[in-house]
Every structure is written in C-alpha cells, then in structure tokens.
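Okay, so here's the structure we're looking at.
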Amino acid sequence: MVGAGVLSLPYAMAELGWGPGVTVLVISWIVTLYTLWQMVEMHEMVPGKRFDRYHELGQHAFGEKLGLYIVVPQQLIVEVGVDIVYMVTGGRSLMKFHDLVCKDCKDIKLTYFIMIFASAHFVLSHLPNFNAISGVSLAAAVMSLSYSTIAWGASVDKGVQADVQYGYKATTTAGTIFNFFSALGDVAFAYAGHNVVLEIQATIPSTPEKPSKGPMWRGVIVAYIVVALCYFPVALIGYWMFGNKVDDNILISLEKPVWLIAMANMFVVIHVIGSYQIYAMPVFDMIETVLVKKLKFRPSWMLRFVTRNIYVAFTMFVGITFPFFGGLLGFFGGFAFAPTTYFLPCIMWLAIYKPRKYSLSWWTNWICIVLGVILMIVAPIGGLRQIILQAKHYEFYS
C-alpha cells in the first residue's frame, strides 16, 4: 500500500497549503479506505464465486463486454503509469545515492541511471508469478516503512529552515490553481492499492463459515494504520521544515546525515524494484493472453522473453524522455488512479446493490463519485502543465 508516492507528499502540501492540504490528505484516506472496504465486500458477494480480478467485478456490475471496456483500459493505464513513474524514481534515487556517497565523482546523466535501474527489470521480469515475488514484497514493505521514517526523522533533525515560507510558490493566480490541481493528483497517486486488492484477496483461503473478507479486512485495517503512520508525518513534517522550497521528492531535499539519506535512497530503489514487478505482472498477463488467444501465437519461452523485454524497454524509454517525478505523479494520479481508487468501486456498488435513493449508502457513494470525477478532470490538467513547463527548460536525454 505504501508506494513511492509518499515522497512527493510534502511537495503536494506546499502546493495545497496547510488547511486544504491536511483536509485533502484526511478525506483521501477516508474515501479510499471506504472504497477498499467495498472491494473486499464485493469479492465474494455471489455465493460460491470469487471475483479474483478487477475486470471480473466490472463484468459482473456492467455486463460482459462493457465491464471489460470500462475496467481494463484504466487498469492498464494505472499499471503502465506506475511503472513509468517508478523508472524515474529508481533512476533519481540511484543518482542521489551516487552524488551523496561520492561527492568528487564525475557527474553521470540521469538517463544512464534510469538505464541502470531498468537493467534489473530485464532480469526480474522473467520470474514466473506472484508467489515468486512474495519475498520481494516483504522487502518492499520494510523498505517503505524505513525510508518514510528516515524522511520525516531527518527532517525533524534538520529543523525548521531559517528562511522558511509557507505561501504558495506560484506568482500568478493561474499558476497557483494549476499547481493545486496537480497536487491533488500527487495525493491520489499515494493512495493506490486498489488495483491489486482483489488479486491479493484471491490468495486467501475461503469457506462459507469463514469468508476471506474477515482476514482480508483485518489486513486492510493494519495496512491503513501503517499508511497513516507513514504518510501524515512525512507530509506534515516535510512541509513544516522546508516550507514551499521542498523538492518534489523529499529525499532529494535532504542532505545530512549523508549515510542515512544515502541509505534511504537505496531503500527507495529496492522498494521500487519490487513494486515495479507487482504492477508489471498483470500487464504481462494481459499482453500474453491477447497474443496467445486472439493473435494465435504459440505460448513459448521465446514469446514471454520478447514481450516482457519490450515492455520494460518501453517504460524505460518514456521514463528517460520525461523524467519529471512531480508532473508525472499529478498526471497519472488524476487520470488513472482517481477512477480505479475513488469512484469505480462506488459505481459498481450502486449498480450491484442498488441502495435506496437518498439513503446513507446512496449519498456516501454519490459524494465519492463526484469528488473522484472532479479529481480525474482537474489533476491531469495540473500535472500536464507542470510537465510542459519543466520540459521547456529541459534538454532531452541530457
């Protein structure tokens, strides 16, 4: 649940300001917890059947054809989007690690660091399935807890900066508003476990007496408490110490103690390697299914080898071309994460359970849907504007 998106939260706070920032963080936490509960509940609502994939649930709610067309493209965008962002994150953290550990070394371009990071995935992509990466997941969980703690701990240690300012960075009203929009996407990106929650629940054994939603829901609660303990301190303390001068990745703002920040950046790299694979697995699955079933390719070792390497190369190429962590987060956070995380579960709930009009459930779902749709419209606009502004002064492949 705790993604590398947590690192951009102080930056999101700087673009939102104290009041709106805290409000957005808390509302997002509540809304996403609610939609996650819906997903867990809907996993086994048809007796004797389990919806192990997001799109199976979509097909049950919207019909065979429509369900696929609504859910699959969004899931693909989420998974590919995360992988692209993680390419950039991995590369940037490797670069920061290199610059911290070796102050006098020759500067190496970010492009090369992203390539170095991608090289790991050309190997890891050929692991067979989820179970093969459960060890990787455990490591990733420990890492994300560690670097979140280092991020706010080192910020506290550094203390409030002498020239700290909490006003908005942008000089124009339009700039402030667009940054605000983009920051909403940053926050949405941080809350994003919904795309794999059904796959995870599918691995829990279930009987009519003891349905899987019991242990799964307990797991979700623990995960969300951990999420709160990671996200809120990082967001609030990071912003409190650096004000609006904070970098779009808090670990880039921090310099001392060198060994600790270097270690935190290495943790990010290890975590992102694991997360990249978790999000890439369903994509591989989809690509290979289409190739074999629709295009009648013979399922072979060669087919897997070629498709997976092409996918890794593609995400690497896009990451190298647009290495803008903040802008990419805002864009994908709104465009891809808002639907799957904030309002698709609510629409499915309304379609399947049909709660009474104006009842509490009806109102709750509609409020989430309206908030989610607004987020989906405004966040990509802000994120895209940020990418365009950064691209203006950026020499490609430099």
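Here the Cβ of each residue, glycine as well, is placed from N, Cα and C on the backbone.
TrEMBL annotations: computationally assigned, not manually curated.
Among the residue ranges 67-88, 133-154, 155-176, the one that TrEMBL annotates as transmembrane segment is 133-154. Contact counts against the transmembrane segment (331-353), taken as Cβ pairs under 8 Å, peak for 16-37 among the stretches 16-37, 133-154, 220-242, 262-284, 305-325. Under 8 Å from some Cβ of the transmembrane segment (110-127) lie the Cβ atoms of residues 87-88, 90-92, 94-95, 98, 133, 269, 272-273, 276-277, 280, 284, 304-305, 308-309, 311-313, 315-316, 319-320, 323, 397-398, all in the same chain and six or more residues away from its ends. Taking Cβ pairs closer than 8 Å, the transmembrane segment (16-37) reaches residues 9, 166, 168, 180, 183-184, 187-188, 190-191, 193-194, 197, 217, 220, 224, 227-228, 231-232, 235-236, 239, 341-343, 345-346, 364, 368, 371-372 in its own chain, all 6 or more past its ends. Counting same-chain residues at least six beyond the ends of the transmembrane segment (133-154), those with a Cβ under 8 angstroms from any Cβ of the stretch are 2-4, 6-7, 127, 226, 230-231, 233-234, 237-238, 250-251, 254, 256-257, 260-261, 263-265, 267-268, 270-271, 273-275, 277-278, 281. Taking Cβ pairs closer than 8 Å, the transmembrane segment (262-284) reaches residues 3-4, 7, 75-76, 78-80, 82-83, 86-87, 89-90, 93-94, 96-97, 100-101, 117, 120-121, 124-125, 127, 129-130, 133, 136-137, 139-140, 143-144, 146-147, 150-151, 154, 195-196, 199, 251, 254, 304, 307-308, 311-312 in its own chain, all 6 or more past its ends.
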